[in-house]
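> Below are the features listed in TrEMBL for this protein:
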type     : residues : note
DOMAIN   : 20-403   : domain 'Catalase core'
ACT_SITE : H67      : active site
ACT_SITE : N140     : active site
REGION   : 490-509  : region 'Disordered'
COMPBIAS : 497-509  : compositional bias 'Polar residues'
Amino acid sequence: MVADDKPASTFKYSEKPLYTTSNGCPVENPEAFQRVGSNGPLLLQDFHLIDLLAHFDRERIPERVVHAKGAGAYGEFEVTHDITDISSVDMLSKVGKKTPCVARFSTVGGEKGSPDTARDPRGFSIKFYTDEGNWDWVYNNTPVFFLRDPTKFPLFIHTQKRNPQTNLKDATMFWDYLSTHHEAVHQVMHLFSDRGTPYSYRHMNGYSGHTHKFTKPDGTFNYIQIHLKTDQGSKTFTNDEAGKMASENPDWNTQDLFDSIQKGDYPSWSVYVQVLSPEQAEKFRWNIFDLTKVWPQKEVPLRPFGKFTLNKNVENYFAEIEQVAFSPSHLVPGVEPSADPVLQSRLFSYPDTHRHRLGVNYQQIPVNAPLRAFNPYQRDGLMAVNGNYGANPNYPSSYRNMTYKPVKPTNEHEKWAGAAVSFLSDVTDEDYVQANGLWKVLGRQPGQQDNFVGNVSGHLCAAKEDTRKRTYEMFSKVDADLGRRIAEATERLAPAPTSQAAGSAQSRL
Ligand code: NDP
Ligand code: HEM
């Protein structure tokens, strides 16, 4: 607070606040510093200069280990259709009910300064400030992912980042991993279709990918997957357009989102749910905990239930978007994670990285703070800035009355039993079926199969020869013609066999 009792950050441009040091001492000239005479050394007593430098030295916090480059805004979710027959989530309890939210979109592999139009999946995260706590949807713009065994996540991500020796993106690392882990091929088909280079964040869909559970107080539940379909229409760049934009305006998607909202052209998404009862899930062809598979829409139709709109830009990017902390474990009564092992691992990983990136009290940062929370048993720690629950007891005291809301259903949902095992999934013929389905979907859209072949070959040609060959074999298992076309197109672009550079060459994307 400053002298006139206003929090310092609330001054408007039209006002003329008194400039002070960080401890509130008025300063005559922010550019002046203290020294001996007009040519001598500086003085340790110059708190203004030393504090300014010391604070500047600490301006950077760790960037997100993945999804470092992103943009976001505020908005709202509105229930458009009644789904109370399957959901007891308070936010979804009534048609017309609105819930405020903040969203962040991102690329995955690049650093904070990397181009927005890189070929990559896009993150699609929303934090809903519901009356019963924050509910985070930490989704992607693809309905599947590269893996179903969580241990592979750090290993896979390393191959999409920089070579430890050259510090370059490395096409051999990239395809070496993918061509030896064929469960990834369905996601690779999405990534190298033109949807791997969306025109903007406003023109892409979002998918939960994982199966979750909608639970009811009577103990019954359904398995669900959520889809957000862009109301702006799906629109993509070609590979060449994306590359051109990367050099002309590397922040294109960030700018597009900000400018649209600023001029009142609010992007929105229609929100749907796919529902399977436990009995249906039991008989389903696909393992519903396998993140590399979709639930075919003809068999499990999309049921509409909401509209999500972004309508307000942030005031301060760092405070509100860099510091926003999403986690699949930020859930509310009525929704639970499924047994999907990748989702289960994510429940741990996100709060863990938030503690590292933002500190143990990350939930106190205004953009992360729930509408109301009362948790006085979590005390102290770095940056406890919310009053630290004052004189409230820090244990369940018999002298302090509290209300406890029974949120757990009374019946058991799922019963698991089995020996503790070391598990790793196998790749089977089933792993190529949905990838083949997508190849056929691309075939229904003029030019999309050609673009796919061009997108893969333009990247794969920089990999070593044996890696390239293994990759042709992988695509041949999806479709023989696809494998042949990729082999032909790639070999036309690949360097001569004698070139020592092949393999360590920087990927072209
Ligand atoms: P359908 O044959 O019933 O419909 C195809 C779906 O594919 C569309 O609904 C659309 O989903 C999506 N799609 C259309 N064009 C593209 C594209 N260029 N790149 C990526 N996706 C596209 O779908 P099925 O459910 O039987 O699945 C067939 C294939 O479609 C799957 O192998 C899967 O890869 C892909 N797909 C399936 C989704 C699902 O949840 N079932 C979701 C997205 C893709 P949308 O309207 O969401 O864009
Ligand atoms: C970001 C881990 C799989 C979507 C992150 C971050 C980590 C992480 C550590 C950085 C978070 C931060 O610093 O705030 C993992 C692990 C995974 C996994 C360990 C698998 C075991 C997935 C999947 C999806 C996904 C399958 C989508 C379905 C996202 C998104 C972000 C993100 C959207 C960006 C969040 C934001 O905007 O702040 N992930 N991830 N991740 N992840 Fe994952």
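FYI, residue positions are counted from 1 along the chain as it appears here.
Using the three backbone atoms N, Cα and C, a Cβ is placed for every residue, glycine included.
Each of the listed features needs to be described in terms of its position in the shown structure.
Taken together, the residues in the domain 'Catalase core' (20-403) have a mean pLDDT of 98 on the 0 to 100 scale.
Sequence-distant neighbours of H67 (active site) (same chain, six or more apart, CB under 8 Å from its CB) are S106, T107, V108, G123, listed in sequence order. Annotation note: H67 (active site) sits in a coil segment as assigned by DSSP.
Taking the Cβ of N140 (active site) as reference, residues of its chain lying under 8 Å away and at least six apart in sequence are, in sequence order, P121, R122, G123, F124, G206, Y207, G209.
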